[in-house]
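Let me begin by presenting the structure, written as C-alpha cells, before commenting on it.
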Amino acid sequence: MQKRWRGKKKKKKKKKKKKKKKKKKKKKKKKKKKKKKKKKKKKRRRKKKKKKKKKKKKKKNKKKRRCLEYESSSRNSRRQEARRGEAGGRKGYFMDFETTRKSSYLENYTNVDLRLISSGVGMAMVLISFMVCLYYNVIVMYGMYYLLVSIVYMDGDLPWSKCGNSWNTDYCLTERPDLSNFTEEQKINVTLKRMDMNCVDKILAEDNMTMLSVNFTYNYTQTALSSCDETVLPSEEYFTNFVLRLNEVESLEDLGGVSIKLVFMLGVAWLVLFYSLRRGVETSGKLIYFLATFPYFVLVALLVRGVTLEGYMKGIEFYIIPEWEKLKDVNVWREAATQIFFSLGPAFGTLITMASYNPFKHNCYRDAILVAIINCSTSIFGGFVIFSMLGYMATVTNQAVQDVTSSGPGLVFVVYPEGIARMPVSGIWAFLFFFMLIALGLDSQFAMFETVISALVDEFPKKLRKNRVIFTFVCHLVGFLFGIPMATYGGMWVLTLMSNYSANYGLIFTCLCELIAINYVYGNTNFCEDIELMLGFKPNLYWKATWMVITPVAILVMLVVSGIQYEPVVYNGYEFEAWVEGIGFIMVGLPVLLIFCGAIYKVIQIGGIRAAMKPDPLWGPAHEEHRVGTKYATIRTTSQDNLTMSEVGELNSSQSVGGIANPAASTTSLNITSSGKLEDGVESNNKTGF
C-alpha cells in the first residue's frame, strides 16, 4: 500500500512539474509576443515619423517652387498672367525662360502680378495646351494598342503583314507587280484590275475617250486615271478597317459606335498620365530622364537597321535633294512654323511653366540655344531614320518614294509598321518603335498638361493647392471624357479636325500677341533690363531685331497669306462638310476670343487703357536680394496685404522712368529718388538692396 501511495505522489509531482513548465513556456511566449508587439509598434512609429518628415520636406519644396497661399482673401496669385514673351524657335525659348524666371519667385512677399492688358494671352495658351492634349493622348492610345499587339505576336507574323484576313478587301495588295517585262496591253490590263471602274468611266467620259481609243495607253492610265487606283497596303486596311473601323461610317454626321478596345486603351493612357503627374514635377521629373533619352537609342537602332535594307538610298536621296519650287507655297512655311512650335513648345505655355522652377540667376540663354540646336539635330537625324525605311518600302512595293510617303497618322500607323512587318524579327522591332512613340507622346503630354493644371492651381491656390492630387485626377477624367468621341468608329475624322484647327492658326496668332505684349506693351527696354539683372548682360541687336521686327512681321505675313490660300481639310479622300469646318473655326477663334476678353477685363478692372498698358509698380523679383537697382521699390512685407486696388492704381499712375516717385498715401514705403536712394523721412528696409 505504501509503495502504491508513494507512486501516486511521484506521479502527482511529475504532473505539477509539467504544469509549471507549461506555464513558464506560456509566460515566455507571452513575453516574446509582447516584445515583438512593442518592436512592431516602435517600427510603425518610426515609419510614421519618417513619413511625416518626408511629407514636411515635400511641403517645404512645394512652397519653394510655388507661390504660398496668400492671407489676403481679396487677391489671389496670378503668376501665369505675369509670364509673357516668346517669338518662334530660339527667340521664343529665350524670351519665355527669362520672363518667367523673373516672375516665378512671387512666394515670398510680392502679392502682385504684371497686370497688363495682355493677360488673356496666358489663358489662350492654357486652352491651346488642353485641346492639344486631348488628341495627343489619342495618338498615345493607338501606340499602346499597337504595342500590346506587337507583344502578342512577338513569335509570329504581325497581323498587318499579310492580306486575306477578315478585315481585308479585294484591293489589298502586299506589293505591286514589276511591269518592266510586260507588253503595253498587259500593263493596261494589270493596272485596270486594281481601279474603280465607275471612276474610270467618269474620267473617260470627260476626256471623250474609250478603252478602245488609240490614245488609251499605259501612260494615260498612270496619269489621268491615277485617282481611280484603290489598291491599299495590308497595314492600311488593318488600321482603317480593324483598329478604327472607319469603313463602317460614312461621314461625321454619324460617328458610329464606340470602340470598346479603344476606350479601354484611352483610359489606360489617361491613367498613366495621371500617375505621372499626380504630384506635379516631383513625379514627372523623374520619368523625363528615361523618356527623353530612350528614344535616341531606338532611333539609332532603327537607322542602323534601315541602312542595311534594300533601296534605302532612294528614300535618303528623296529626303536630301530639295524641291526649290515648294518654297513659293506659303502653306509649306505655315506647316514648318507649326512644326517648330510643336517641337520647341513656344506659345503653348509649357516653357513658361517649366522655367518657373529655375533659380533666378540660372543661365536660360545657354539653355535656349542648346535645346534649339539639339531639337533641330534630332529632327534631321529622325528624317534619315524615316526615309531610309520609305526607300526600302518603295523598292519592295515597286513604287516611287513620293507614292509611299504619307503624313500624320498614316506615316506612323500605316507606312512605317508596313516596313517593320517585312523585316526579320518584326515583333521586336515593332515593340521598340511603338514604345518609342509612347515615350515621345507622354514626354510632350507631361509638359502640356502640367501647364494646364499649374495655371488653374496658381489661379485658385486656396481651394486647389491643398487638394492638388484630387484636382489633377478630375482634370484627367475630364480629358478622358472629351477624348471618347475620338475613340468612336469615325474618331479619326475628329482627331484630324482637332489637329488641323486647335493648334494651327490660333497658336501662331497667340505667339504674335505675346510678342506684341512683351516688346510693345511691357516694353523691350524693360525686358532687356530684366535679362541683364538675371544674366549680367543685355541681349544684343540680333535678339532685339528678331523679337521686335523680323519674327512679328514674318508671322503676320504668314497668317494673312495662308488665310487667303486656305483649303478645306481632307482625310483619305473625305472632304469635311461646311458645318464641320465651322466647328474648326470655333476652335481657332476661342483662344483669340480669350485674348480680347482678357484685355477688356483688365481695362475695366484697372480703370483705363493707359493704366492697363503699364506693369504694376510692385512688379519685380520676389526675393529681396534680387531687387537691385532704381527700377524696383522697397517693399515692406508687414503692410503689403493692406494695399487696396485703388491705392495700387494710384501708385501705377505715378510711375516714371527713373523709378516710382510720389506714390499715393499708403502703408507701403515706395518713395525713391533718381539716384536710387530713399528720400529723407522715409523709413527704409535694410534687407532690401538697390
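Keep in mind that glycine also has a Cβ here, set from the backbone N, Cα and C atoms.
Annotations in TrEMBL come from automatic prediction, not curation.
As the structure is a computational prediction, the values presented were derived from the model and not from experiment.
Going by TrEMBL, these are the annotated features:
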type     : residues                               : note
BINDING  : SER343, ASN375, LEU440, ASP443, SER444 : Na(+) binding site
COMPBIAS : 1-66                                   : compositional bias 'Basic residues'
COMPBIAS : 78-87                                  : compositional bias 'Basic and acidic residues'
DISULFID : CYS163-CYS172                          : disulfide bond
REGION   : 1-87                                   : region 'Disordered'
TRANSMEM : 143-161                                : transmembrane segment
TRANSMEM : 255-275                                : transmembrane segment
TRANSMEM : 287-304                                : transmembrane segment
TRANSMEM : 336-357                                : transmembrane segment
TRANSMEM : 369-394                                : transmembrane segment
TRANSMEM : 428-457                                : transmembrane segment
TRANSMEM : 469-491                                : transmembrane segment
TRANSMEM : 503-522                                : transmembrane segment
TRANSMEM : 542-564                                : transmembrane segment
TRANSMEM : 584-604                                : transmembrane segment
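Three or more CB pairs closer than 8 A are found between the transmembrane segment (369-394) and the transmembrane segment (336-357), so contact between the two stretches is assigned (pairs 6 or more residues apart). Cα spacing between SER444 (Na(+) binding site) and CYS172 (disulfide bond): 35 Å, rounded to the nearest whole number. Counting every protein chain shown, 22 other Cβ atoms lie within 10 Å of the Cβ of SER444 (Na(+) binding site). Other than the site residues SER343, ASN375, LEU440, ASP443, SER444, same-chain residues with C-beta atoms no more than 8 angstroms from the centre of those residues' C-beta atoms, the Na(+) site, are PHE342. Per-stretch counts of Cβ pairs under 8 Å to the transmembrane segment (584-604) identify 503-522 as the leading one among 143-161, 287-304, 336-357, 503-522. Against the transmembrane segment (255-275), stretch 469-491 has more CB pairs under 8 A than any other of 287-304, 469-491, 542-564.
Rounded to a whole number, the distance between the Cα atoms of CYS163 (disulfide bond) and ASP443 (Na(+) binding site) is 35 Å. Among the binding-site residues listed (SER343, ASN375, LEU440), LEU440 has its Cα nearest to the Cα of CYS163 (disulfide bond).
Spatially, the transmembrane segment (503-522) is adjacent to the transmembrane segment (336-357); three or more Cβ-Cβ distances between them are under 8 Å for residues at least 6 apart in sequence.
A sphere of 10 angstroms centred on the C-beta of LEU440 (Na(+) binding site) encloses 18 other C-beta atoms. Between CYS172 (disulfide bond) and SER343 (Na(+) binding site), the C-alpha separation comes to 35 Å.
According to DSSP, SER444 (Na(+) binding site) is assigned to a helical segment. Take the disulfide-bonded residues CYS163, CYS172: by the count of other Cβ atoms within 10 Å of each Cβ, the lowest one is CYS163.
Every protein chain shown contributes to the tally, and the Cβ of ASP443 (Na(+) binding site) ends up with 17 other Cβ atoms within 10 Å. All protein chains considered, the CB of ASN375 (Na(+) binding site) has 17 other CB atoms within 10 Å.
Annotation for SER343 (Na(+) binding site): spatial neighbours ASN375, SER379, criterion Cβ-Cβ under 8 Å with sequence separation of six or more. According to DSSP, SER343 (Na(+) binding site) sits within a helical segment.
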